[in-house]
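Visitor: Take a look at the following structure, please.
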Amino acid sequence: MSSSSSSVVEMEIFQYIDVHQSDFIEDLKEWVAVESDSVQPDLRKEVIRMMALAADRLSALGATVNLVNLGSHQLPNGQDLPLPPVILGELGKDPQNPTVCFYGHVDVQPAKKEDGWKTDPYTLTEIDGVYLVIRNLYGRGATDNKGPVLAWINAVETFRALKLAMPVNLKFVIEGMEEAGSLGIEKLLEKENQYFFSDVDYIVISDNLWLSNKKPALVYGSRGNACFFVECGSKDLHSGTFGGIIHEPLMDLIALLDSLVDPTGRIQIPGIYDSVAALTEEERKLYESIEFDLEEHKNNSDVKKFLYGTKEEILLHLWRYPSLSIHGIEGAFHEPGIKTVIPAKVIGKFSIRQVPHMDLSVVKQQVMEHLEGVFSKRNSPNKLKVSMPLGVKPWLADVNDPLYTAARKAIKTVFGEDPDFIQDGSTIPVARMFQTITQKSVIMFPIGAADDGEHSQNEKISRHNYIEGTKVFAVFLLEISKLH
């Protein structure tokens, strides 16, 4: 396709999307209305209903859709609960075209109006933003991840409605348990690797956010996560009878937790930074060009002060260096009022976000040796138990991969500027799963802005990002076809 004919096709696509944007918003409203909360067992039927809605939408586009049964899982109370099926969809089998696989999810985090929402979380509500030219669409799942999933479907619908030949073959993997740990998805990927994924060239994930409120971004890495439990103690005792004459488990635990990080945020576990790769000059230049407003970031998260004062330091510590966060203490009295008991057994919970080249088994050993060393100096008779119930490795892609070049060109065409190339400080297991199991090129291509509030009260996506995101996905497919 010549550049002039390509421009004509793009203009046709943009006009169709602009004319039909109200229809696309109505579709999102219908999806947001489904309380597909995968965390709450009593809402599992709603998740399954949401999967059926998404399957029907793909079928209407002419896709072959297979709802794969993943069986059930057991809750802590022993109850067996059915897992929602996973959608494997396929549209087009032209051997001359590249095959793109899109991954997304249609389950959501819990949300209640009384948690601090300004609107009903399951009624998509359009409200003017801070900038009057921006209108925001508020609702649970608007940006995470129903909006982006629908933007992909809208892009495909546009090609079909305009009777344009699809420039690529498309496959869809849509699940309903992402917010609850993507139960069953890894085994499914392994099982289908030689079948459903055998002819896939590229994998696209649109399940995160830009770094800025206004400037588009492409994500090429995310940190891993190692979660730890530290357990101390044996039996409840009366503080009046035993306070002051015993080693209290909670005091032992607080001392252990206090030893993990210094006031500057630096992890105090010996050797933890040894495997962190040195910053290359190429990567340093990426950081310099990134648009990142510290004040805007503070306002988005309602944080008064960061540990670091420059853009580069903040981003390095979000993406390139490991971090340690303490999440809670199980077993300590936390109800209103006071209870003068020395708790028997307390469990501290913390996690380490690790970066590429850090070995999970080495991190676990370093943590255990550090905690055992601190504990031994206390001469406490209490029992210490350290465990790592969850360990997820980081993910890293090559920004010079042709897939990123195609995405950058699509963004330049639609948004009029080059994107920032960023990493995500959180952990996105599915990206590494796809990369490791399929050995295909993986890109994370977000359309949500930094202030969208995924997982938070008043989650939203702007009308602008939802509609322009639909355009950018359509152009992205055109750009991928040029790679072949």
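Placed from the backbone N, Cα and C atoms, the Cβ positions cover glycine too.
Since the structure is predicted, the reported quantities are computational estimates derived from the model, not experimental observations.
OK, TrEMBL features for this one:
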- ASP107: active site (ACT_SITE)
- GLU178: active site, proton acceptor (ACT_SITE)
- HIS105, ASP144, ASP207: Mn(2+) 2 binding site (BINDING)
- ASP144, GLU179, HIS455: Mn(2+) 1 binding site (BINDING)
- 220-374: domain 'Peptidase M20 dimerisation' (DOMAIN)
- HIS238: site 'Important for catalytic activity' (SITE)
Visitor: Would you count the other C-beta atoms found within 10 angstroms of the C-beta of GLU178 (active site, proton acceptor) for me?
Guide: 24
Visitor: Say we define neighbours as other CB atoms within 10 Å of the CB. Which of the binding-site residues HIS105, HIS455 has the fewest?
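Guide: Minimum Cβ neighbour count within 10 Å, taken over the binding-site residues HIS105, HIS455, occurs at HIS455.
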Visitor: Within 10 Å of the Cβ of ASP107 (active site), how many other Cβ atoms can you find? Include all protein chains, please.
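Guide: I get 28 for this one.
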Visitor: Between ASP107 (active site) and GLU179 (Mn(2+) 1 binding site), how many Å separate their Cα atoms?
Guide: 7
Visitor: In angstrom units, rounded to an integer, how far apart are the Cα atoms of HIS105 (Mn(2+) 2 binding site) and HIS455 (Mn(2+) 1 binding site)?
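Guide: It is 14 Å, counting Cα to Cα.
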Visitor: Taking the Cβ of GLU179 (Mn(2+) 1 binding site) as reference, which residues of that chain separated by at least 6 in sequence fall under 8 Å from it?
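Guide: Result: ASP37, SER38, VAL39, HIS105, ASP107, VAL108, GLN109.
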Visitor: Looking at the recorded positions ASP144, GLU178, ASP207, whose Cα is closest in space to that of HIS455 (Mn(2+) 1 binding site)?
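Guide: Closest recorded candidate to HIS455 (Mn(2+) 1 binding site) by Cα: ASP144.
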Visitor: Rounded to an integer, what is the Cα-Cα distance in Å between ASP207 (Mn(2+) 2 binding site) and GLU178 (active site, proton acceptor)?
Guide: 10
Visitor: Other than ASP144, GLU179, HIS455, which residues of the same chain sit close to Mn(2+) 1? List them in sequence order, counting a residue when its Cβ is within 8 Å of the Cβ centroid of the site.
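Guide: Apart from the listed residues, the neighbours are VAL108, GLN109, GLY141, ASN145, GLU178, GLU454, GLU459.
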Visitor: Can you tell me the CA-to-CA distance separating ASP144 (Mn(2+) 2 binding site) and GLU178 (active site, proton acceptor), as a whole number of Å?
Guide: 10
Visitor: When you measure from the Cβ of ASP144 (Mn(2+) 2 binding site), how many other Cβ atoms are you left with inside 10 Å?
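Guide: Around the Cβ of ASP144 (Mn(2+) 2 binding site), 25 other Cβ atoms lie within 10 Å.
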Visitor: Excluding HIS105, ASP144, ASP207, please set out which residues of the same chain place their CB within 8 Å of the center of the CB atoms of the Mn(2+) 2 site, keeping sequence order.
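Guide: Neighbours within 8 Å of the Cβ centroid, excluding HIS105, ASP144, ASP207: GLY104, ASN145, PRO148, VAL149, GLU178, GLU179, SER206, ASN208, GLU454.
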Visitor: How does the model score the domain 'Peptidase M20 dimerisation' (220-374) in terms of mean pLDDT?
Guide: 87
